[in-house]
Amino acid sequence: MSKEKFERNKPHVNVGTIGHVDHGKTTLTAAITNVLAKHFGGKAFAFDQIDKAPEERERGITINTSHVEYDTAIRHYAHVDCPGHADYVKNMITGAAQMDGAILVVAATDGPMPQTREHILLGRQVGIPYMIVFMNKCDMVDDEELLELVEMEVRELLTEYDFPGDDLPVVRGSALKALEGDAAWEEKIIELANHLDTYIPEPERAIDLPFLMPIEDVFSIAGRGTVVTGRVERGIVKVGETVEIVGIKDTVSTTCTGVEMFRKLLDEGRAGENIGALLRGVKREDVERGQVLAKPGSIKPHTKFESEVYVLSKEEGGRHTPFFKGYRPQFYFRTTDVTGTIELPEGVEMVMPGDNIKMVVTLIAPIAMDDGLRFAIREGGRTVGAGVVASVIA
């Protein structure tokens, strides 16, 4: 393959395979890379290259993840695949691999299984916006009615968790046959790729979203005023614009009178940049780490939310013992810890290290948050859990 085929100017989209163990997620991942490499160039990955997933650490949690990439005519995709169920749980909750859309793999020979359901639920909780279904192993099912039945079951399950089950794309294929080079089944991989291109919208870039910067530090500069520093998470702030300081205390409105980076003055600060923002009429003691600087009205402070949490195992450096209702750890958001209490789901008395659990958290001070915000749970500075805000309550 000639080298110059690979262009970085295509839109970039993050996807991944999810679904029950042994339903063919890794085989499908290999098949996609092989079939698309034939058609559009790029690297083909073999099954065992993907299956030997390297260990990564995200917020102190050990996760095995394989990353592959592939191209279609119009897009470049980064694709994650995990070997084990626990890796999926951790990956989705920590946001180690943010997905703009997921390919749910369901074996036609089995239909939906317990982890199929759990991955759909997790996808809903952590805010994966789009699902495409790949019904795998269809070469092993001769009965058309059985295929219809499995498809119906999967669609109903997705609808149950608020995905548009009736409308989302379902592809019937055989990852193994496609990987072996069977042209008819390769066609199904192309069909899947077409759905990726058309069903998952191009993700909004961080720079196009409303301005937000978590405040890391606050300085007072004689004769100039108060400067807050941090890395711009999203959007752009221009000199002269009104911004809000949100979280911990009452929301305050102020004007950004200067932006500097590496001691140079700029007209604006953009997503991804580490900046200092000079704020008009704000006292040093009125601002603190853990608040955010944001476009007015774009984000609100909250104290109560439903979350999905993964509790670190003892081996990962987490707790050695379970915790119970009334547990009061620190919740670390962006740049600071806030104490909070938890409510466990009905019928759940305790949570063991290594579990994942839905819990309602009430913080003692408000934090600027939206659904999808990630956090860590800490005890005395050591991380014992990772979570994501599934939905804000108050």
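Going from the start of the chain as shown, residues are counted 1 onward.
Keep in mind that glycine also has a Cβ here, set from the backbone N, Cα and C atoms.
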Swiss-Prot annotation of region 'G2' - which of the ranges 60-64, 160-164, 265-269, 355-359 it falls on: 60-64
Can you check which of 81-84, 153-156, 253-256 Swiss-Prot lists as region 'G3'? 81-84
For the region 'G1' entry in Swiss-Prot, name the matching range from 19-26, 339-346, 379-386. 19-26
The annotated region 'G4' range in Swiss-Prot, which must be one of 52-55, 136-139, 240-243: 136-139
Which value does the mean pLDDT take for the region 'G1' (19-26) in this predicted structure? 95
Counted with DSSP (H/G/I as helix, E/B as strand, rest coil), the region 'G4' (136-139) has 2 helix, 1 strand, 1 coil
